[in-house]
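Undergrad: So TrEMBL lists these for the protein:
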BINDING   His211, Asp213, His267  Fe cation binding site
COMPBIAS  357-366  compositional bias 'Basic residues'
DOMAIN    190-327  domain 'Fe2OG dioxygenase'
REGION    330-366  region 'Disordered'
Amino acid sequence: MAAALTREGGEDAFRRLFRFYRQRDASDLRGVVDFSAPGGQVFRSQLSVSSVSDQDAYRAGLKPVSQWKAYGLSGYPGFIFIPNPFLPGCQRHWVKQCLKLYPEKPNVCNLDLHMAPEKTTDLWGQSKEQLRRKGSSKWEPRSLLEKLRWVTLGYHYNWETKKYSANHHTPFPSDLAFLSEQVAAACGFRGFQAQAGILNYYHFDSSLGIHVDESELDHSRPLLSFSFGQSSIFLLGGLKREEAPTAMFMHSGDIMVMSGFSRLLYHAVPRVLPNPEGTALPSCLDQAPSSDLPVGSVIEHSSDEDWQVCAKYLQSSRINMTIRQVLAEGQKFPEESGTNGKGQAPSEDSYHEDSKAKRHKPNTVS
């Protein structure tokens, strides 16, 4: 199918496959790589087991690196796919952080572009009761959390200039920095510094447009991507949009690392799909973290009340965290004039699209 679409005229090959997976029903996904059943262009990838102690892995809510599986893709050097390496229950911490803590000020979200600051100071508090009571009707009004499309952390991405700047920065969450540093070290990138994060919030009618993540000043460090909740199709292409991409599934808990050659490739998310187990939530989200977390663990137990809200949200949603190192060691931002570095309305080049509201496309990057 990919070959047939590539031969067609008009649109570039990436756009044609994006539209193919965006429009097809869930039964026509034979060309999508499934890392739970590797084969074909998928091969086992080696990890740096000695770079992360079992204790540090546990503290981040991860299994020992020796127990992880990692895969690469032929034709994509520097790409690593790690199927769910999280300890049982520990994904819940990151979901709660993405819904309850990380959207709080001084972090920035898409709602800030359209609402007064006092209206976006407590999205969780304003939404939790509405989410808990929510039924299955599509006509019920959406809570503020359900209108959330992106949150930025650390160095805040400027959607208008497509740049980061020194004067628009807030402290990066220490728990997420620790998780990212362990995953990067396991993939051979010791000393990785988590300096910027973009969190994406998807629903079943959402997609992420075709783009390249090139705004970071240092491209020698990897891009880390964490996925939670419902599944999705991820497209990884080439250096040009004329190259047809490879489609792959991302499920809850899966991690992707893009480095080296793969760091600056075009990519997109055309579809969000129900998890393949056929249940409201993936089974990996069924249980809470262990009661005896190790000393110094960044994982916090969620109250039953908080998790009920998170679980309700995830029944029709997916959350993605992408973490980047913006500057190399000792590197500084170039002097800029005429800009305050604040996040502006996103452009049309890379977009987070809601099919029911195409006149307004709150954009983001993966």
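Cβ atoms are placed via backbone N, Cα and C, with glycine included.
Automatic, uncurated: that is what TrEMBL annotation is.
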Undergrad: Out of these binding-site residues, His211, His267, which one has the fewest other C-beta atoms within 10 Å of its own C-beta?
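TA: Lowest Cβ count within 10 Å among the binding-site residues (His211, His267) is His211.
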Undergrad: Going by DSSP assignments with H, G and I as helix and E and B as strand, what are the residue counts for the domain 'Fe2OG dioxygenase' (190-327)?
TA: 19 helix, 51 strand, 68 coil
Undergrad: Please work out the number of neighbouring Cβ atoms within 10 Å of the Cβ of Asp213 (Fe cation binding site), leaving out its own Cβ.
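TA: Excluding its own Cβ, the number within 10 Å is 21.
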